Each structure stands twice: as structure tokens, then as C-alpha cells.
Amino acid sequence: MTAPLRRWLTPVVAVLAAFAVFAGPMPATAAPNDPKPAEHDDDPPMLNDLIEATTRDYSKAKAKLEKSKKRQLRLAVEVRSAQADLDALSPQVAQIATQSYRTGRVGAIAMLLQSSAPDSFINRASALDELNLVNDKKLGEVNAIKLRAEQAKLALDAEVREQKKLTNDMARKKSEAEKSLRLVGGVGLTGGLVDATSPVARIGPNRSSDGGWKPESCSQNDPTTSGCITPRTLHMYKEVKRAGFNRFVGCFRPGDKFEHPKGRACDWSLQNSGFSPWHNNDTRIYGNNLAAFLVRNADRLGVYYVIWNRQIWFAATERWSSYSGPSNHTDHVHVSLL
């Protein structure tokens with residue numbers, strides 16, 4: 001059942017620590033009329049689908065890596081075999097080289113001229129041809145083995161490079177999946193039911209030259225109540241709406257010492273009216289995606305912290321941790337700004 005709207009008028013959280021966020025200089029603001037930044041898909045995949053796809057890619061890359069290792073081993077054996085053949089032929093090659101050095105072309109002619117009879121001359125010529133054939137065969141074997149070894153070595157080097165590329169690719173994809181999962185709160189918070197990407201928000205007002213955020217007063221009319229909010233909160237409100245989150249929201253609320261009476265916080269309900277805990281995929285995914293949008297754009301919007309589904313995320317630490325305040329925040333996403 002939907003709780004009365006006065007539930008929202010109760011104190012939201014007891015924040016145990018205060019953090020200051022300092023960020024580097026940001027790029028120029030996107031054009032105001034750009035309804036959806038180019039780097040955001042119109043229909044991004046769910047994070048659990050992305051993780052599944054990444055896991056499948058990891059398995060494929062791992063299989064290729066194992067295949068590469070087996071071929072690497074086979075080529076290494078081939079190189080060693082070729083080297084052994086070369087080593088075995090080395091004495092024969094040395095003998096041929098020595099003989100060629102001693103005889104040469106002049107030595108061969110002299111050997112023929114030493115024949116006193118025609119038959120002897122023919123026999124010596126045949127022997128010389130046979131020797132040349134043997135020499136050519138041995139040298140051919142050496143060259144063939146050497147070429148085979150060199151080709152195998154080149155193939156082995158290419159295989160090693162491919163193996164390293166596959167390994168690095170696996171590490172990168174695994175790291176990206178883990179980082180993306182951690183950023184939005186992990187499976188424990190989202191169940192993986194969250195878009196893999198979010199629209200990119202335009203940068204909030206009053207950003208200082210050093211990348212920090214200048215203090216603001218509660219000077220703008222709150223579009224959700226009769227109270228006031230800061231210019232940065234109003235900007236955040238408009239950016240969340242621009243990203244497609246159009247369900248009930250309340251910002252200013254008097255009575256406590258935290259960000260609501262300062263106009264620096266909003267509670268984004270999962271319902272079109274009032275507040276009620278998430279109870280199906282629609283409401284859970286809505287809360288997951290809204291929290292993910294705020295976290296992914298924290299540095300552009302000046303987010304202080306986000307609370308959703310019993311977890312709190314501080315921009316200063318960029319980590320989710322367990323939250324056990326007076327409200328478990330299963331019925332809305334709370335965001336406070338600097």
C-alpha cells in the first residue's frame with residue numbers, strides 16, 4: 001500500500017560523517033537543447049546482461065588462450081627439434097666447408113688433370129660430381145632445417161604476442177565489469193537489474209576553478225514543495241527529469257539539521273504518487289537506474305551522497321556501504337548535494 005505523503009515529511013537520515021569532494025576541472029557544458037547525450041544508448045543493456053556477456057567473452061578468450069598455449073608448446077618442440085637436426089649436421093657441414101676450402105675450383109681441375117688414363121679421368125670426374133651432389137644435398141638439408149626453424153620461431157613469437165593480447169583483453173574486460181558492478185552497488189544492492197550506462201548530465205552551476213563546488217544558499221523555488229532549494233539542487237532536479245525519471249519527488253523539508261531544510265536534498269520515490277517500498281522489477285529497476293544515474297554523474301552534479309535500498313554511497317570514497325538509519329530507503333532514492 002502507498003503510504004501517506006506525510007511519510008516523506010519525517011527525518012530522512014542521520015549522516016555519521018561529513019566529506020568534502022574535490023574534483024578536477026570538467027569539460028564544457030553540453031548544449032542545453034541536447035535531449036540525450038550521444039554517449040548514452042537509447043536502450044542500454046542491463047548490467048546483469050553486460051556481466052553475462054563479459055563472462056561469455058572471458059570464457060571464449062580463455063579457451064583461445066589455452067589453444068594458444070598448446071600451439072606454443074608444439075612450436076617450441078619443433079624449434080628444439082630443428083635445432084637438434086642442425087647440431088647433428090654441423091660436423092658434416094664443417095667437413096664439407098673444410099674440403100671445399102682445401103680443393104676449391106683449382107683443386108678440382110688439378111684432380112682431373114692428375115688422371116693418366118681416360119678411364120681414370122672419367123672416374124675422377126664422376127667422383128667429383130658425386131661429391132658435389134652430396135655437398136649440395138647436405139647444404140640443402142641444413143638450409144631447409146634452418147628455414148623451418150626460423151619459420152617456426154616466427155610463428156611462435158606471433159603466438160606469444162597473441163597470447164599476451166588475449167590475456168590483457170581478458171583482464172581489461174574483467175576489470176571493467178567489476179568496476180561497473182562496484183560503482184552501482186554490486187549484485188547485493190541492485191541484483192544486476194540496472195542499466196549498464198546512464199545519460200551524461202550537464203555540469204552543475206557554481207563550479208570553482210580548482211574543480212570544487214562553491215557554497216550556495218537556498219535561493220530557488222522548489223518545484224516539488226512550497227519551500228526553497230539551491231541552484232545546484234534545481235539543476236540536479238532538472239537533469240534527473242531530463243534523464244527520464246518522472247515519478248514523484250520531494251526536495252525541501254523543514255525540521256531537521258541535514259540537507260533537506262538547506263535545500264540541498266531530494267527524495268525520489270519509486271511511485272507516481274507517495275512512497276512505497278519496491279516490490280517488483282519495475283520499481284526496483286527504477287530505483288537502481290536512478291541511483292546509478294546520480295552516482296555515475298556525481299562529479300558533474302556535485303553529489304555529496306546517495307542512499308538507496310539500505311546502502312549509502314559517498315562521493316568522497318566512491319564506495320557503497322551498509323546503511324542503518326531510521327529509514328531503510330527501500331521506497332525512495334535520497335540524494336544530497338554539496
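Using the three backbone atoms N, Cα and C, a Cβ is placed for every residue, glycine included.
TrEMBL: automatically predicted annotations, no manual curation.
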TrEMBL record, coiled coil, of the ranges 37-64, 65-92, 149-176 the matching one is 149-176
Per the Cβ filter (under 8 Å) with a sequence gap of at least 6 from its ends, the coiled coil (149-176) is approached by 54, 57-58, 61-62, 64-65, 68-69, 71-72, 75-76, 78-79, 82-83, 86
Secondary structure of the region 'Disordered' (200-224) by DSSP, residue by residue, totals 0 helix, 4 strand, 21 coil
The DSSP breakdown of the domain 'ARB-07466-like C-terminal' (226-334) into helix, strand and coil residues is 35 helix, 27 strand, 47 coil
